[in-house]
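Enquirer: The following block contains the structure, expressed as structure tokens.
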Amino acid sequence: MSIKNPSVKFIIFVLMICTFSIGYTEYAVMGILTSIANDFHIQVSSAGLLVTAYAASVCLTGPLVTIISVKLPRKPVLLGLMAIFILSNLMSALAPNFAVLAISRILSASIHGAFFAIAMVFASEMVPPEKRAAAAASMNGGLTVALMLGVPFGSYLGDVLNWRAVFSIITALGVIGFLGLMAAVPNRKPKVIPMLMNEWGVFKHKQVLFSFAITILGYSGVFIAYTFIEPILRHSAGFSTVGITGALFAYGLGGVAGNFFAGKVPLPLLTRTMIGVMIGLIGVLAVFPYIAIYPAAAIVATFLFGACAFGTPPLLQTKVISSSEGGTTIAAAVSVSAFNLANALGAWIGGMILNGTGSYSWLFAGGALMTACGLVLSTFAHLSEKKSVYEYQVNKG
């Protein structure tokens, strides 16, 4: 990142620690489901409800908390959100039963969307316009690192120690982030207060509605399978702790590659590229259970799964913003909620499939089917979209 001001760089680094911690607590559960299920003597499918609860909470509370806090000074809001994050993850680490753990996950998720929205705007306000993309990319790097490193090593620690150790580490990271915010972040009101009531017209745009529907249907297919990726790899490939860690790292590495690729796609090719990525995702889901019985093939398949899964969100989010024509604030907020609704829906459907069939293979069949529904909608969107919107955006840029 080419931001030269040392104080600004340190503030963004602190925000990265916070976003890493929040991303870590979101994804880490998927790597320790077996450990949690064994500790509380419940089915793995029941433990998967933790993923559903978290995603549903983000979906419902993110836009609401953001709107409530949008007129307040950034620093106390960020500190308050991180304080809730710390307490909720400490509650997770000490949870005496599954119900308390589920409640703590819902509480932790309640700050997720608001923190990201406020921190993103705050980071962009600290730098000149030409540096805003670099600032946002650096801050969001926390999520990428959480996916690539935090999840696999969280799974490893969960096996070597226990799942409570993972939440203890997340709590400690939250404390570090909180202290960093106290020391580095200036206390000032937002420069621009969005007029959210003027942005509801975004829902009149057909392509925006298409994008939300594609997100909910298509991306839920990812989480039908990914929610249970850790027990799937144990069962199919026979992986031990080290194998699970390597496979989850491969998924994260694939996610980084897919995200990077998606960021390079020109605006006029958004929907067409999205269709191609979704076809690839369906293909990976369809063959995964058949090739994952071979350890080396399982690693490769997991990498491709991550690449296709994380190649989709940037395309959808860019499509939403490009099609919103002035309602980008509410469009972006609802887009985040749509992804988390897909997360919750996928985890719930996956749990039902696992309970009903007792087979991990059917999870991938269900995931491929849901993604195929998203593919059909993407095709309709491509046939009906106005190319002039993207041509305008390109010429404007």
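Cβ from N, Cα, C; glycine included.
Because the structure is a prediction, the values reported are computed rather than measured.
Pulled from Swiss-Prot, these are the listed features:
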- 10-30: transmembrane segment (TRANSMEM)
- 48-68: transmembrane segment (TRANSMEM)
- 76-96: transmembrane segment (TRANSMEM)
- 106-126: transmembrane segment (TRANSMEM)
- 141-161: transmembrane segment (TRANSMEM)
- 165-185: transmembrane segment (TRANSMEM)
- 209-229: transmembrane segment (TRANSMEM)
- 242-262: transmembrane segment (TRANSMEM)
- 274-294: transmembrane segment (TRANSMEM)
- 296-316: transmembrane segment (TRANSMEM)
- 334-354: transmembrane segment (TRANSMEM)
- 363-383: transmembrane segment (TRANSMEM)
Enquirer: Give me the stretch from 10-30, 76-96, 106-126, 334-354, 363-383 with the greatest number of Cβ pairs under 8 Å to the transmembrane segment (141-161).
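Expert: It is 10-30 that shares the most Cβ pairs under 8 Å with the transmembrane segment (141-161).
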Enquirer: What stretch of 10-30, 48-68, 165-185, 209-229, 334-354 shows the most Cβ pairs under 8 Å to the transmembrane segment (274-294)?
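Expert: Highest pair count goes to 209-229.
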Enquirer: Other than its close neighbours in sequence, what residues sit by the transmembrane segment (242-262), given a CB gap under 8 Å and a spacing of at least six beyond its ends?
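Expert: Non-local partners: 31, 144, 147-149, 151-153, 155-156, 159, 226, 229-230, 233-234, 273, 277, 295, 298-300, 302-315.
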Enquirer: What stretch of 10-30, 76-96, 106-126, 165-185, 363-383 shows the most Cβ pairs under 8 Å to the transmembrane segment (334-354)?
Expert: 363-383
Enquirer: Give the one range among 76-96, 165-185, 296-316 whose Cβ atoms make the most pairs under 8 Å with those of the transmembrane segment (106-126).
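Expert: Going through each listed stretch, the top one turns out to be 76-96.
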Enquirer: Sort out the residues at least 6 away from either end of the transmembrane segment (296-316), same chain, that have Cβ-Cβ distances under 8 Å to it, and list them.
Expert: 147, 211, 214-215, 218-219, 222, 225-226, 229, 233, 236-237, 239, 246-248, 250-259, 261-263, 265, 270, 273-274, 277-278, 280-281, 284-285, 287-288, 335, 339
Enquirer: Is the transmembrane segment (76-96) in contact with the transmembrane segment (10-30), using at least 3 Cβ pairs under 8 Å (sequence separation of 6 or more) as the test?
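Expert: Output yes: the transmembrane segment (10-30) sits against the transmembrane segment (76-96).
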Enquirer: In terms of Cβ proximity under 8 Å, which residues at least six beyond the ends of the transmembrane segment (48-68) contact it?
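Expert: For the transmembrane segment (48-68), the nonlocal Cβ contacts are 26, 29-30, 33, 36, 81, 101-102, 105-114, 117-118, 196, 223, 227-228, 330, 333-334, 336-338, 340-344, 347-348, 350-351, 354.
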Enquirer: State the non-local partners of the transmembrane segment (165-185) in its own chain: residues 6+ outside its ends, Cβ under 8 Å from one of its Cβ atoms.
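Expert: Hits for the transmembrane segment (165-185): 7, 10-11, 13-14, 17-18, 20-21, 24-25, 28, 32, 74-75, 78-79, 82-83, 85-86, 89-90, 92-93, 122, 154, 157-158.
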